[in-house]
């Protein structure tokens, strides 16, 4: 029984004419979240097989007529018949998410989000299900509408977002975002939503950057909570989650041996630190690129050579981006890579690698396996591109449940704080999680420490 689900009343809903989306630009660089819903971490090899074995797998979910056990068709997923399978994945995830389970039990009596109507655009996984909703193949029987499936096109992605926002007889009063695309769409298409909205909770680097831009320009209409820069998100999710999932994603897609491989990691923030630590431990020869002098010095003192990408690109066996910026790896650098070089992204958006430039007539794309493409140059050189530049861990592997429990709990606390804040406490600006909520988070983490650590 998902009690927090009942408290949050998360709603994903109705439609607008599809033709509106044909007008929206489809350049890959214009959005940062398509990797999150279309390439969610439910795509582990074990679960992907069960998700896609349906005989009508090639049919777009938008063209299917589906209904859940209650007769509702207010959702769009790949195959609603797999709901029970999704429920079992949630039960596995719950076993290692004690912080979130503790918060859920605490909230049963207080019901701090009673009356909240939350529209969300985030990773649809078993872990986020424990926070608020079941993953796509398990939610229809619960009566919670969701619009998400593996393999969404650009048009599908924006269609799903619109179905979440444009709902007859229902309007969100809270926004839960991961990357800023939902917030962007509401500003562009449905600005009236902000008249009733009490706040935005954003967990990603890119999404927070977008919010600060809006605030600086005087265009932020409601208070926003910056979850990404909270200690719990930075020190646990960004570091430890990536430290484990980078190896998982690379092994599942390429079966590469890391020992002796020349690797360059672009960016030495918390994500880059986690990736470098894991690769170095398995014997890879790791160097880093970094523009921030403090982070660059940290990398140097951790034993990594700090380089310029242009100077080492020809020698690298593996190139990993971890910055959250765009065009970190350019077409010119892709042209100079050696045959067989593996390129992937562990940052935030799908714009770090200039994938759009690779979709040119002189280059040939060859699908090797799910999420693995060979991009072939006229001279026969092949570059191995993973997940088409989207997030490697969310596209090609799974992510550690325990760490995500901490991040999801932080998001839930941010929602509670914004929704219950007295009028006037928060202005139309971007805020960090207040200290009192941080103390609540510390108490919940302390229970995890007692569970996992033996003194």
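Every residue gets a Cβ built from N, Cα and C, even glycine.
Predicted, not measured: the structure shown is a model, and the values here were computed from it.
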Suppose you had to name the range TrEMBL annotates as region 'Disordered'; which of 19-71, 72-124 would you pick?
19-71
Nearest to residue 233 (substrate binding site) by C-alpha distance, among the binding-site residues 271, 272, 274, is 271
Would you mind reading off the Cα separation of residue 290 (NAD(+) binding site) from residue 178 (substrate binding site), to the nearest angstrom?
24
Hey, how far is residue 274 (NAD(+) binding site) from residue 237 (substrate binding site), Cα to Cα, in Å?
10
Using the alpha carbons only, what distance in Å do you get between residue 269 (NAD(+) binding site) and residue 178 (substrate binding site) once rounded?
19
